[in-house]
């Protein structure tokens, strides 16, 4: 199994370590590779789009010619997990809590509507306990950093976890989106669930 991690910015190293732990837990002989240009997508079984600044990630991905290829592969069934800014990249509809509608480059493959900076600047970073029973796990302490919120889901998209009634983890077929940072959590539950998607 080969998993690619988009490596322009964001926590590549932390996702790498969480994936390694999840591989070890499941006794999977897996390979993890950084993805920056289209040829890096060759032969991968799944891809992670980490946090960072979603507009920057989108612009760089577009400039390097990977944005359209990613969209094509994800639409054709490549398993993907987008965390925080990565979730924004996957959404079909994006607006900003302060400035309203945005026109940033997106993959736009998931039937969700996302509001960037949902919790406001004063809550730039916080931790919260969420219930992961819908993915067969217990409660987990997770980290939110300038987090967006999934405010609308349609089609086959399901909400898998909520915080105060707002979706923080959603799934649609081969696509998983989290508004928190699972790579900074002390549990590998989310990465394990992603590997379960990859294994099919």
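Just so you know, glycine gets a Cβ as well, placed from its N, Cα and C.
Note that the structure is predicted; figures quoted are calculated from it, not measured.
For reference, Swiss-Prot has these:
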| type | residues | note |
| --- | --- | --- |
| BINDING | 52, 53, 54, 116, 145, 146 | L-glutamine binding site |
| ACT_SITE | 84 | active site, nucleophile |
| ACT_SITE | 181 | active site, charge relay system |
| ACT_SITE | 183 | active site, charge relay system |
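Everything Swiss-Prot records as a feature, shown here on the structure.
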residue	record	DSSP class
52	L-glutamine binding site	coil
84	active site, nucleophile	coil
116	L-glutamine binding site	strand
145	L-glutamine binding site	strand
181	active site, charge relay system	strand
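Cβ environment of residue 53 (L-glutamine binding site): 9, 85 lie under 8 Å away, each six or more residues apart in the same chain.
Listed recorded positions: 116, 146, 181. The one with the lowest count of other Cβ atoms within 10 Å of its Cβ is 146.
A Cα-Cα distance of 7 Å separates residue 84 (active site, nucleophile) from residue 181 (active site, charge relay system). Across the fold, the C-alpha of residue 52 (L-glutamine binding site) and the C-alpha of residue 181 (active site, charge relay system) stand 10 Å from each other.
Cβ-based neighbour count (10 Å, all protein chains) for residue 183 (active site, charge relay system) stands at 26. Cα of residue 145 (L-glutamine binding site) to Cα of residue 181 (active site, charge relay system): a span of 8 Å.
For the recorded positions 84, 145, the largest tally of other C-beta atoms within 10 A is found at 84. The separation of residue 116 (L-glutamine binding site) from residue 183 (active site, charge relay system), Cα to Cα, is 20 Å.
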